[in-house]
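Enquirer: Below: one structure in structure tokens.
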Amino acid sequence: MAFGGVLVEANITAALDACKDGGTFDHKKFFKSCGLHDKSADDIKKAFAIIDQDKSGFIEEDELKLFLQNFKSGARVLNDAETKAFLGAGDTDGDGKIGADEFVVLVKTNNGAK
Ligand SMILES: [Ca+2]
């Protein structure tokens, strides 16, 4: 399990279950329920390194689509609308991809989510 050292398995399962239907993914809810929101910036950067599958230093749109599969193999891919909303929320400098620092902010800026 890719996030085994960082996150609690039961939390991952609950987070994935909450967005298992297409169109229901909400990154704020997800980061909160999987537990990543409450982790340190260092741990969040570890998660970033896993999601950045080609090690380009950025999470690109195609990697975002496969985001959930980093938490569980066989999880669904995000649909185009979900991917674009996710990218738009994280890409604060507008370069079309999410850097490590942007990712930390994205995960942490979450206070309103339940
Ligand atoms: Ca990448």
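Cβ atoms are placed via backbone N, Cα and C, with glycine included.
TrEMBL does not curate its annotations; it predicts them automatically.
Residues or ranges marked as domain 'EF-hand' in TrEMBL: 39-74, 78-113. According to TrEMBL, the Ca(2+) 1 binding site annotation covers Asp52, Asp54, Ser56, Phe58, Glu63. Summarising the annotation, TrEMBL assigns Ca(2+) 2 binding site to Asp91, Asp93, Asp95, Lys97, Glu102.
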Enquirer: With DSSP as the reference, give the number of residues of the domain 'EF-hand' (39-74) in helix, strand and coil.
Expert: 20 helix, 2 strand, 14 coil
Enquirer: What's the number of neighbouring CB atoms sitting within 10 A of the CB on Asp93 (Ca(2+) 2 binding site)?
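Expert: Cβ-Cβ neighbours of Asp93 (Ca(2+) 2 binding site) within 10 Å number 10.
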Enquirer: Per DSSP, what is the residue tally for the domain 'EF-hand' (78-113) in helix, strand and coil?
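Expert: Once the DSSP states are binned, the domain 'EF-hand' (78-113) shows 20 helix, 2 strand, 14 coil.
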Enquirer: Whole-number Å only: compute the distance from the Cα of Asp54 (Ca(2+) 1 binding site) to the Cα of Asp91 (Ca(2+) 2 binding site).
Expert: 18
Enquirer: In whole Å, how far is Glu102 (Ca(2+) 2 binding site) from Asp52 (Ca(2+) 1 binding site) when you measure between their Cα atoms?
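Expert: Pair distance, Cα basis, whole Å: 13 Å.
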Enquirer: Running a distance check here. Ligand 1 versus the binding-site residues Asp91, Asp93, Glu102: which have CB less than 6 Å from one of its atoms?
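Expert: Within range of ligand 1: none.
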Enquirer: What residues elsewhere in the chain lie close to the domain 'EF-hand' (39-74), defined as a C-beta under 8 angstroms and at least 6 residues from its ends?
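Expert: Contacts of the domain 'EF-hand' (39-74) (Cβ under 8 Å, skipping residues fewer than 6 from its ends): 1-3, 6-7, 12-13, 15-16, 19, 25, 83-84, 86-87, 90, 96-100, 103-104, 107-108.
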Enquirer: In the same chain, which residues outside the set Asp91, Asp93, Asp95, Lys97, Glu102 have their CB within 8 A of the centroid of the CB atoms that define the Ca(2+) 2 site?
Expert: Phe58, Gly90, Thr92, Gly94, Gly96, Ile98, Gly99
Enquirer: Closest of the binding-site residues to Ser56 (Ca(2+) 1 binding site), Cα to Cα, picking from Asp91, Asp93, Asp95, Lys97, Glu102?
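Expert: Checked the binding-site residues Asp91, Asp93, Asp95, Lys97, Glu102; minimum Cα distance to Ser56 (Ca(2+) 1 binding site) goes to Lys97.
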Enquirer: Using a 10 Å cut-off, grab the number of neighbouring Cβ atoms around the Cβ of Glu102 (Ca(2+) 2 binding site), all chains included.
Expert: 19
Enquirer: So what sits near Glu63 (Ca(2+) 1 binding site) in its own chain, CB-to-CB under 8 Å and at least six residues off in sequence?
Expert: Ile51, Asp52, Gln53, Asp54
Enquirer: Rounded to a whole angstrom, what is the C-alpha distance between Asp93 (Ca(2+) 2 binding site) and Phe58 (Ca(2+) 1 binding site)?
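Expert: Computed Cα spacing between Asp93 (Ca(2+) 2 binding site) and Phe58 (Ca(2+) 1 binding site) is 13 Å.
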Enquirer: Could you give the Cα-Cα distance between Glu102 (Ca(2+) 2 binding site) and Phe58 (Ca(2+) 1 binding site), in whole Å?
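Expert: It is 9 Å, counting Cα to Cα.
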